[in-house]
Structures are given as structure tokens and as C-alpha cells.
Amino acid sequence: MDPLFLALSCFRRRKFDRCIKICTELLSKNPYDQAVWSLKTRALTEQVWVDECDGEEEGLADVLMDDNTIASVARPGTSLRTAPPSSAGGPSQTFRPSTQSGRPLSGVVRPGSQGGRPGTMDQALRTPRTAQTARPVSATSGRHVRLGTASMIQVGEGPFINLARLNVAKYAAQQNIAKALFEYIYFHENDVRHALDLAAQATQVLEFKDWWWKVQLGRCYYRLGLFRDAEKQFKSALKLQDNINTYLLLGRVYIRLDQPMAALEVYREGLDKFPGEVTLLTAMARIYEGLHDLPKAVKYYRDVLHYDATHVEAIACTATTHFYSDQPEVALRFYRRLLQMGIYNCEIFNNLGLCCFYAQQYDMTLTCFERALSLATDRSIADVWYNLGHVALGIGDINLAYQCFRLALVSDNDHGESYNNLGVLEYRRGNLETARAFFMTAANLSPHMFQPHYNHAKLAHKVGDLQTSFIIVQKALALFPEHVDSKELLKTLETHFHTL
Amino acid sequence: MAEAPSSPMNPVAETPESHVNGMTTTLPPGSAIKTKTRPRKAPELQTVERRNWLIHLHYVRKEFDVCKQLIREQLEETRGMCEYANYVQGLILRQEGKIQESFELFQLCNILNPSSVENIKQMARALFLLGKHRLAVEAYLQAEMKLDKPDWELHHNLGVCYMHLKDHEGAREQLLYALEQNKHHQTFASLAKIYLLENDIPSAINTYRAAIEYFPENAELHTTLGLLFMQIGKYQQAFEHLGTTLTFDPTNTRAILAAGSMMQSHQDFDVALTKYRVAAQSIPESPPLWNNIAMCFFGKKKYVAAISCLKRANYLAPFDWKILYNLGLVHLTMQQYTSAFHFLSAAVNLRPTKGHIFMLLAIALTYLDDEENARQAYEQAVSLEARDPSVCLNYAIFLKNHDDKEGALRMINEFEVRMVKFRQSTGADLDAEVIENGAKLAMLLGVDGSAFHKKSSHTRLRADDEANQEPVQPANEPPCNSPPPNEDEEITANDNLPEASTILPLEHSIDPAETENLDNKMKESELLATSHMHLMDEEPVMPSGEFLEEGNKNKLEEDLF
């Protein structure tokens, strides 16, 4: 069989290793065979290719030294970084917990949906860095690091292409191999600068009439942090050719510039051209979620489900919303759907268990939690125990609840919610000092929760330590300005202080 | 009174001196006339109080920033000797919540001017705010010794401190004394609170009545009085006072809840719901509110809505047995006996001393065909609930249905005894349905049940739960029983009694519904703390991990070529 044909066949069947091997052999015989060379570049690229237009996590440096945002003090509802507007629809913070970023808990874990944006350096270094991971300290996101490493594992005789000695201008003129080469440089070598060089020259050669090169230029600019340049390239590419991916990338640029409204506009344009495109709908839903506009987010997720009934993120987010708006039965159906689709992990069983419990399907509850426990990883087991603690509370078994919260702490000693609940239980037992210690720990560990602050303030007020109470209840109100009980507590304290 | 600090205490001699010295050096020598006049001017002699008026002006306008600036200048000038500046600084710091610092400043004032009672009073107040009640009492007593004429404020504060120290006798004495000097609504309120702590509701009511004579437009006083009247079952008066509150303050949530619950007990569900709608605007996270709304729906036979609301209430207040009790009740009505059992057993776990829960539990167990446990639950219910006749009746029915005629007879007699007692103590009659069922059962058992009917003009008084009554007829058919629509709804109204947590031990109240009101309240106070935690619980609802991957999986191949 013709080895080139075999290599192509392997490439199509995604057997890249074999393909590369055959190509290397062929190239050693004839180093100037462009077809083989190009095929090998593509095979090498395919091995490490990732879809970039989705789920990007910003590193610590990006977040903290961010000078790309347009408005430092954005109006409410126009930024992904400000506090939620008080009038936002959907369940309040009392019902639906928020993540560390202050956004409402979402149905899926996405990059950035958990950690969120720390306000200060101190917080950034402390909060997300739990016992499990010290990740946020790294500046570039993990994926890009991984990309770069691919070029290091070299077999045999040095790198496949020596970028430093590459005659960029020559290859830019050869359109048949330039694209493959670009992808190789961009993904496999992770050398954005060379890639940019190639793309710039190639687009020149083609007299700025090729949309593909413009998109690639935009991607390079984006990676280099030149968002305005990237925006220009994407926009000009869109003039030549409508492409979903370009819309998505342009949207990302706006998100990085903290202009969610502009991003929504872009997605909407994209939807005009590509009605019912799931990725665009999902992106819109995510932005609405980030803007605390949950009803709208759910609307878009529902649209997604209309076009793609197996969209995991949409199903999970809709289920979560139903759960937190007092419809555990409906949520249960969505989670069951996920289970039917073959998702089989700790989280799904945990959620099923909770839904069963709140929908009073008691026979299933404990079975689900048992499964969840057996499937749990180190990261999630604390949450499962924590939820079991709530189930125990729900059946009135305080001792069991206490033990569950303890177990949650055993597996994750940074679990602020468990500390808070233990505090409440201690408070009920009358151990005010212990309770106070628990609340303080909880407030330290999870600065995004208002509950420990409020509880601590309430406790301090009860024992008559009004000063502490005053200071702490203000913290609670800063986290959740609409909390009625905190406001009332603050009011009584103020009257105390104002009377002569 | 504070703004007139006495200057004699300030060592005037030192402060101005430096200025004088400084100026003398700068002056050209030889201007003899001027040197003569200068000491006479000595304007710095008055500097200590020079700008007190300005500080005061800014302070009373709440212009704290300007005020602080002025104070700083003033204190620099006087080297911290200006008493008034320190005093106002202390007041400002207190309003900013920095009690400890303000306490230190008042101490300084006291050193500067030990004769001023005002300073000692402020020190005492700071101590009180810091929670050091015993020290505060000492300070107040010290202030009292220095005073020649009595001061109501001082006695009021003393009383409050004593109350915190659990010395009710002393507190009452002081508060009464304060009232003699001056009528103040806070004093009345504190006094009433002490009566409540001592479980003396009539005295508390009298106190509030007296207070309302002096302050007829104080919504707070009216509300509390209304709630107290509700507690002792004088609904008419309670309603009047709550109505007054609502005229003065239409959004007073406590009054709305209380008034709503009374309307509920008069089966006026739609009106009550409108009231609750107002309240829901301001307190959307209040468990009692949701509970009451749920029981309105229950009364209107909208069971699903009721369950939904109760679930929300339970979510907010997981430790509130009353909500669980109501959940159990609604589920019994819906004939979902297992669910009912779960909620009731949770309620029992949280509150093992309440007979009514055991009764409902027994009913649920009966339907679940667990005769043995049902019997035990009934036994427990009868022993724990010594007043309510319906418990005995339900047990009697149960025994009858399980062919224990003797036991049934015993219970029906007990029922009769309790009913008579009930009539005597409340002057009202039981629910007509209960009496009817009692009579039927008595007939079946061959006892003379006519006595039950003595005055069956149904004054509506809720008989708790006859959920199970119907089955008297040998055929034990569940569907026919329609449990009384509203027994528990009132539960919550009172959640707001101030500090009710200790008001009444549950057994004291006469009317079952009442009790619930009460300790519901008590629950509230703890619950607040707890409810929140519950929310979190679902937090982990996060299908994490792999979903993420799903999102990122390579989907756009077109990107390549």
C-alpha cells in the first residue's frame, strides 16, 4: 500500500501516532515532500488541539492587573464584576447560595465560575487556594501551559520544525501549507509571536481578503492581550464571512473587556445569521447568569434545549434553577435525564439525592447518597457529607447532622458552610463560645457567605457585645444588602448607639 | 446637658503660655505699650471652650467629618484638654460603632472633669454597650450618688442593666422609679419585658396600656399589646390594637402577620392573603410569613400551594417544629401518609414534648398499618397533652377500630372529662365536628353521648385535628375525612413578640393554638440564625468536573480548514 495513503487514512481515523511515524519515515527519505510534511504538521497539531472559544480561565495576574476594563466603576447590570443589582429577578441569596465570585451558584462548573474575581490581592491569594490546590497563583491558565509542553516531548532528532530558522515570508506565500503550519505553530509550539508573524504576512499576501487569516490574527492578538486589535480583526473577518466561531471569539473579547452588553449584542447578531445556534445561545445564557439575571439565563438555556436536547450544561443549569425555586420534582426530572444520558458521577447522584429528599421520595434519597459517596472524589466528598447533614436536619436528627458536618470537615477542612452549620448547632446546644468560634472560622474561610457574619452578629448582640455585632453585621450587609434580618439588627444597634 | 462642660477643671495656666511665649519672641522689642496690653488680651485663655458652640452645631447636624476636623484642631490647640471636644468625639465614635474607643474618651473626660455626672453616665453607657453590665451598674450607681436630684434616664438604664444581669426585682424597682420621674415609652417597654420574663402577662398588659395612654400613636406599643392580647385569647382587643398599629404604620410586618393570622382564624383567607402580600414585600424570607400563607392556602383547600409554601418555610427555618407539624398535617390531608410520617417524626425529634405531634404521628401510623407504634404514639400523646379532648377522642376511635372496646371506653370517658374541663376553662365549646364524632362513637360504644352536645352552638374554637375522626364507622375509609381546615394557621403570627423566647413555657397556655403562637416565636429567634444555613445546603448541587469537559470538547472543526 502506498505509505502516504496509509498515513492519510490513519490521520482520518485519528490514529495520529501511527500517522506521524509513517510521515517521519517518508520525510527521512525525501525531506522536501510537501504533502507528507503538511500531513505531519496537521497530525501533530491534532494531537494537542483544543477548542479555544469556550471556557477560558483567567489567571491571577490577568485578573488583578487588569487594565483592559473600560469602566472601573460600571453601572449596575452592565458589568460582570459588580455586585448584583438588588432588583434582580430569581431567587435571592437566601434561597440560592452564591459562589465565591458573588454570582449565584450555577448548574455546572465552568472555568471561572467557582473562583470568581477577587477584589484584592490578599483575597486572591487566599480564597481559592485551599488545601487541595494552589492553582490560581499561576499566571497563565493551565491549558496554555499544556499546549506549550507538547513541543518538548520530542522523539529522536530535535524538533520537527525549527521555528527560529523558518523563512516565514516564503511559507506565508504558499497557501497550501501555510494554514497547517500556522496551526502547528499556534497549538503545538504555542509560539504566539511566530504565529502572529506568519498570519500577518499571509494575510498581506492575500491582500487582506481572507477571513480565516484575520480570525487567526485576532486569536494571536487575543492571546497577547491586545484586545482592541483582536476586536478589529474579528470584526473585519465577520464582514467577509459569517462564522459562528468568529462571533464566539469576538464575544470573548468583549467579555475580557468587561462589556457583557456588547458581547450579548455580538451573539445576537450571530443568532440572526445562524438562528438556533446552540453555542451562541449557551454563551448568552452564561452572560446572563453572570449578570445575575437568572430568569433570562434560564430562558436561553431552555432555547438551547429546544435545539439540542442533550446539552448537558443547559439541562444542569435548568435543573438547578428549578431546585432553588421550590420545584425539586421538576429538577429531579432534569437530573434523571442527565443520568439517562450516561453521566455517572458523584455530583449527579448527590443532586439526585437532594432532589429526591426535597420531593419526598425518601426511598431513593439514601441510595443516591450512598452512590454519591462511593463515587466521590476528595474534592466533592465534603459537599456530599454536608448535604447529608442537611438531610439529617430535615428528618430532625440533630446528632446525625452534627456528625455529618464533622465528616465534611474531615475531608475538607476549608468547608465554610459546614463550619457555619456546626456553629448553628452549637448555638442551639447553648455553647455560645464554640458557636462563635465556628462562625468566625466560617467567615474567614468563605468570605462570600453572609450567613456566618449575620449569625456571628446575632450571637454578639445576644450576649450584649454590641460593638462587635455592629461591625460584623455591616459585613453581612455588604455581602447581601437586601437581607432583612441584618438590616433590622443594624437598625436596633444604631438606635442603641444614637441615644445619649 | 452635655454641652456645658465646666472649665475650672482645665489647667488653663499651661496651655496659653506657650502661645504667649512664642508671640513675645516675635514681637519687636521696644513697643512698650503693646507689651502692656498683650497680657490683658490673653485670648488664648478662653481657647479651651472657644469653639464648643461650633462643634456642637456640627454635631447636631450630623456633620461628623467637619466635626471631627474641628475637634482635632481643638484638641491639638489645647493639648487634649478640651473636655467638650473629647466628649463629642466619644459620641461620634460611638455612632460609628467604635465603642471601646469612645469609652476611653469618656474616661478621659471624666479625668478632666470628675465632677460631671454626664461623663460618668456616658462611661456607664459605653460599658453597657460593650456588654459589661455589672461594671455599667457600678458606674451608674456612682453617678447616682453624685446627683442631687433624681434622673429618670439613669434609673431607666440601671433597670435595663439589671435586666441583663437577670436581677428582675432590682430592674423593676429601678424602672418604676424612672417612670415616676418621667414617662418614656422605652421605660414602659422595658418594664413590660421584665413582666414577660417573669411570666406575668396581665401586669405586662397593664404596663402597655398605661404606656399607650401617654403615647397613643406609638405603633410599636400597640403591636406588642395586640400580640399580648392574642396570647391570652382576647382577640377582639388584640384586633383593635393591631388595627391601630396598621393605621399609623401600614407596613408594620409584625402587626400584619398578627392581624393576618387572626383573619385566618376567622376563615377570612382572602383578606389575610392580601395582608400577607404587603408583608411579603418587606420580609420575603420570613419563615412565619410563608407558614401563614401556606395555612391560608390550606384553608382554601389549595393543598399543593400550601405544601409548596410550607416547604419554603421549612427550607428557611429547618428547626421550626411547627412548620414541620403543618407539613405533616397537610400531607395527612393529601393522604400521603409516608411523607406525613417523615415530617412528623422530624417535628417530634425537634420537640419531643408536644402531644399534638404524637397524635398526628399516631394517625399517620394508623394509616400505614403500624398498629403497635400507633398505639404507643397515642399513649404518648395522651400523656403529654393533658388538656385537649380531641387527643382522647382520636385514641378512642383508634381503639374502637382495633376492637379494644374497653380501652375505647376508657378514652371516651377521659374525653368527656377533658371536654367539661375545657368548657369550664375557656367558656367556649369545642368544634362541632369533634362533638359530633364523640357522640357517634359514644353511641357505638353504648355510652350516653348526649352530654357532649350540651351546648353545641359552635363557637368556633379549634379542636385540633380530628383528622382521624370519621373512621368511627366500622369501615375505615380514609377519603371521607376532611380535617379541619385551619387549625394551625395561627401559628406564626406572633413570631414577633419581642424576646418572646422565654415568655411562656408552652404548657401554660390554655388554647393549643395559642401555645403554638408563642413558642413559634421563640423558635424564630433562634431560627434566624439557622435558617440561613439551610440554604447553603444545596450549594453543592453542582455537577462539576466532567461537565466542564463537555463544554470544551472540540466541536468546531471548521476552524481548521
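Including glycine, each Cβ sits where the backbone N, Cα and C put it.
The region 'Disordered' feature in TrEMBL is assigned to B:1-43 (among others).
Residues annotated as repeat 'TPR' in TrEMBL: B:185-218 (among others). Under DSSP, residues within the repeat 'TPR' (B:185-218) fall into helix, strand and coil as 27 helix, 0 strand, 7 coil.
The DSSP breakdown of the repeat 'TPR' (B:219-252), given as helix, strand and coil counts, is 27 helix, 0 strand, 7 coil. Residues annotated as repeat 'TPR' in TrEMBL: B:219-252 (among others).
When pLDDT is averaged over the repeat 'TPR' (B:321-354), the result is 90. The repeat 'TPR' feature in TrEMBL is assigned to B:321-354 (among others).
Residues or ranges marked as region 'Disordered' in TrEMBL: B:455-492 (among others).
The compositional bias 'Pro residues' feature in TrEMBL is assigned to B:476-485.
Look at TrEMBL and you will find B:508-561 (among others) tagged as region 'Disordered'.
Annotation source TrEMBL lists compositional bias 'Basic and acidic residues' at B:550-561.
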Helix-strand-coil residue split for the repeat 'TPR' (B:321-354), DSSP-based: 27 helix, 0 strand, 7 coil
